[in-house]
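K.L.:
When I checked Swiss-Prot for this same protein, it listed these features:
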- 1-24: topological domain 'Cytoplasmic' (TOPO_DOM)
- 25-45: transmembrane segment (TRANSMEM)
- 46-74: topological domain 'Extracellular' (TOPO_DOM)
- 75-95: transmembrane segment (TRANSMEM)
- 96-107: topological domain 'Cytoplasmic' (TOPO_DOM)
- 108-128: transmembrane segment (TRANSMEM)
- 129-161: topological domain 'Extracellular' (TOPO_DOM)
- 140: N-linked glycosylation site (CARBOHYD)
- 162-182: transmembrane segment (TRANSMEM)
- 183-187: topological domain 'Cytoplasmic' (TOPO_DOM)
């Protein structure tokens with residue numbers, strides 16, 4: 001009879017450790033979602049408010065650089081805004097994972113949606129990165145000149161918004177891995 005009780009005690013301790021680890025993963029997932037939200041919304045706002053005007057010869061002739069002059073940068077803003085909206089809405093499910101233990105279906109749903117948002121965000125960030133590269137370096141073969149020597153503030157802001165977006169890409173990858181780890185621990 002004693003050996004049966006010892007097995008039950010050992011099993012219940014294992015369940016408690018597993019539950020504690022699942023709760024820690026859920027809390028970390030919640031925090032990462034908040035950090036990723038601030039990165040994506042910050043990137044969208046920074047890029048969306050980027051514009052610089054330079055006078056040319058006289059005050060009546062000016063050159064302007066705005067994010068919406070290039071479709072890739074507009075796509076970047078939209079992608080970051082969509083992902084930040086998703087991250088805010090997913091916080092409710094992430095909170096449920098902290099409170100409840102049996103959350104397999106919602107974890108699978110979040111993994112699928114996280115992968116979709118990762119694809120959208122990485123597409124937006126990659127397309128904007130190509131434009132930022134051209135703005136900094138130009139392309140001699142096609143006679144596209146680097147504009148960052150003239151539009152320094154514009155280039156600093158769009159480069160900064162890219163950094164925040166790529167940090168959010170890494171955070172989404174970590175969220176997917178954490179959800180997969182949490183699912184695998186249940187089986």
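In case you wondered, yes, glycine gets a Cβ from its N, Cα and C as well.
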K.L.:
What mean pLDDT does the predicted model reach across the topological domain 'Extracellular' (46-74)?
P.N.:
76
K.L.:
The residue listed as 'N-linked glycosylation site' has how many other Cβ neighbours within 10 Å of its own Cβ?
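P.N.:
Around the Cβ of the residue listed as 'N-linked glycosylation site', 9 other Cβ atoms lie within 10 Å.
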